[in-house]
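K.L.:
Below is a structure I'd like to ask you about.
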Amino acid sequence: MSTVHEILCKLSLEGDHSTPPSAYGSVKAYTNFDAERDALNIETAIKTKGVDEVTIVNILTNRSNEQRQDIAFAYQRRTKKELASALKSALSGHLETVILGLLKTPAQYDASELKASMKGLGTDEDSLIEIICSRTNQELQEINRVYKEMYKTDLEKDIVSDTSGDFRKLMVALAKGRRAEDGSVIDYELIDQDARDLYDAGVKXKXTDVPKWISIMTERSVCHLQKVFERYKSYSPYDMLESIKKEVKGDLENAFLNLVQCIQNKPLYFADRLYDSMKGKGTRDKVLIRIMVSRSEVDMLKIRSEFKKKYGKSLYYYIQQDTKGDYQKALLYLCGGDD
């Protein structure tokens, strides 16, 4: 008989593969889409005295990414100017960041966020970790391709020159996007072996065998690892997250924690990140914007559901409390509704 865990795993698999990503996205393709009309309306909005931001927001947050690419193409054909450049001049602040993010393809957006996280002095490890830990094989392979196209260098090369030690090894292994895909066969022997190996390499021994942790957590499929982390609890007095906190520190600890949370429940991981970006004084807008833009066509509905379940109030409510103006309007459209 199937255990509850197997059923949940199967459901999460189906959520990730069998249904088109848009099924859980808050932004859908616009039905009566007309790229020429949208391009004309955006052109008029940009030329309006003081810029008609409302029209720009209304159009671009209510079109799918593919449709936005068509609008950009139509706009360039009309005006001989790039839509992104025109909007960069017309808008400012956080709203500009959201709108320019929406104009990029998902891989271009991730590639540019990764580049920004490693540019100049110091690395924004937080952004690097979030993107590298949460993207699928397919997404990572596409990011690698686009990154090289955009920056004439390999993503791996930039990660290597910007990070060090075991943290570098973990990031490089993940960035390759070579994790095993979820299969239909469940290998209980390997699940048990991996759970024991993770325990033997960490909590059980005096020092941590980090390469062993890295190889298991970056090579095995997501569904397999969900079962491994369950099984792990029968060997270790601590669960995987507690073990990580005991065994490693700094960026490596942060990366392993993010990775395990993504594997266990990705929508919940993003719900937590969104909550953290808005709690307390001041908003971490960079994180808020990146998640709202990058997940709007992937799993925003699941994220909203996890958010409400855990924090008692809706994501929509939190965004309303924490942001204002047309920036708020854009984020609320991407959120797709109140719960």
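Heads up, the Cβ atoms here are built off N, Cα and C, so glycines get one too.
Residues or ranges marked as SUMO1 cross-link in Swiss-Prot (evidence: similarity to another entry): Lys49. Taken from Swiss-Prot, the feature SUMO2 cross-link covers Lys49, and the record attributes it to similarity to another entry. Look at Swiss-Prot and you will find Tyr24, Tyr199 tagged as phosphotyrosine, backed by similarity to another entry. Residues or ranges marked as phosphoserine by Swiss-Prot on the basis of similarity to another entry: Ser26, Ser184. Per Swiss-Prot, the feature N6-acetyllysine maps to Lys49, Lys152, Lys227. Annotated region 'S100A10-binding site' per Swiss-Prot: 2-24, in sequence order. Under the heading repeat 'Annexin 1', Swiss-Prot lists 33-104, citing sequence analysis as support. Taken from Swiss-Prot, the feature repeat 'Annexin 2' applies to 105-176. For 189-261, the entry in Swiss-Prot reads repeat 'Annexin 3'. The repeat 'Annexin 4' annotation in Swiss-Prot covers 265-336.
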K.L.:
Closest of the modified residues to Tyr199 (phosphotyrosine), Cα to Cα, picking from Tyr24, Ser26, Lys152, Ser184, Lys227?
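P.N.:
Minimum Cα distance from Tyr199 (phosphotyrosine) across Tyr24, Ser26, Lys152, Ser184, Lys227 lands on Lys227.
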K.L.:
Out of Lys49, Lys152, Lys227, which has the highest number of nearby Cβ atoms, where nearby means within 10 Å of its Cβ, if these are the recorded positions?
P.N.:
Lys227
K.L.:
Only counting partners 6 or more residues apart, tell me which same-chain residues put their Cβ under 8 Å from the Cβ of Ser26 (phosphoserine).
P.N.:
Ser296, Glu297, Met300, Leu301, Arg304, Leu334, Cys335, Gly336, Gly337
K.L.:
Between C-alpha atoms, which of these recorded positions comes nearest to Lys152 (N6-acetyllysine): Tyr24, Lys49, Ser184, Lys227?
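P.N.:
Considering only the listed recorded positions, the nearest one is Tyr24.
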K.L.:
C-alpha of Lys49 (SUMO1 cross-link) to C-alpha of Lys227 (N6-acetyllysine): distance in Å?
P.N.:
58
K.L.:
Mean pLDDT for the repeat 'Annexin 4' (265-336), rounded to an integer?
P.N.:
97
K.L.:
Which number gives the other C-beta atoms within 10 angstroms of the C-beta of Ser184 (phosphoserine), all protein chains shown included?
P.N.:
7
K.L.:
Take the repeat 'Annexin 2' (105-176) and count its residues per DSSP category (helix H/G/I, strand E/B, coil), listing them in that order.
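P.N.:
Reading the DSSP string over the repeat 'Annexin 2' (105-176) gives 57 helix, 0 strand, 15 coil.
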K.L.:
So for Tyr24 (phosphotyrosine), how many other CB atoms are inside 10 Å of its CB?
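P.N.:
There are 20 such Cβ atoms around Tyr24 (phosphotyrosine).
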K.L.:
Do you know the DSSP helix, strand and coil residue counts for the repeat 'Annexin 1' (33-104)?
P.N.:
55 helix, 0 strand, 17 coil
K.L.:
Please state whether DSSP places Ser26 (phosphoserine) in a helix, a strand or coil.
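P.N.:
In the DSSP reduction, Ser26 (phosphoserine) maps to coil.
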